[in-house]
């Protein structure tokens, strides 16, 4: 059986620009893409923590070290400058692969600089964020 599983995310990034008149996509600092194992052109889900909007688009590599998270095209109707977003990717894998796969989680802080890298999708590294009630850590459910 092939399953669609969580592959990686850039957690709680801040949107640096949004422009309705650009070709649709999301521009992401190449350092963040590399850290999250997301390729230019890869499908991403964007969850807007600020307003609850969810959408899918593809990535465009942005300048390294710039911290850019730029919402381009029609998505700019839903996601705005200074919104907090989560960029998520998924991958298809066999059940056996899924049981051992370790996702990449990139926690960012001010100016979208990397704070911490991890592999637990429920682990929070932002002050005030907690693990969801009853959620097991990756290590606990894999053993």
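Note that Cβ sites are derived from N, Cα and C of the backbone, with glycine treated the same way.
Sequence annotations record features per position, and here Swiss-Prot assigns active site, schiff-base intermediate with substrate to 25. For residue 25 (active site, schiff-base intermediate with substrate), the Cβ neighbour count at a 10 Å cut-off comes to 18, with all displayed protein chains included. In the three-state DSSP reading, residue 25 (active site, schiff-base intermediate with substrate) counts as strand.
Over all protein chains present, the Cβ of residue 58 (active site, proton donor) has 13 other Cβ atoms lying within 10 Å. Residues annotated as active site, proton donor in Swiss-Prot: 58.
Residues annotated as substrate binding site in Swiss-Prot: 57, 73, 74, 75. The C-beta environment of residue 75 (substrate binding site), restricted to residues of the same chain at least 6 apart in sequence and closer than 8 Å, consists of 18, 24, 26, 46, 55, 57.
Under the heading pyruvic acid (Ser), Swiss-Prot lists 25, citing sequence analysis as support.
Per Swiss-Prot, the feature region 'Disordered' maps to 119-143.
When the binding-site residues 57, 73, 74 are scored by other C-beta atoms within 10 Å, 57 scores highest. Nearest by CA distance to residue 58 (active site, proton donor), out of the recorded positions 25, 73, 74, is 25. A straight line from the CA of residue 73 (substrate binding site) to the CA of residue 25 (active site, schiff-base intermediate with substrate) spans 7 Å.
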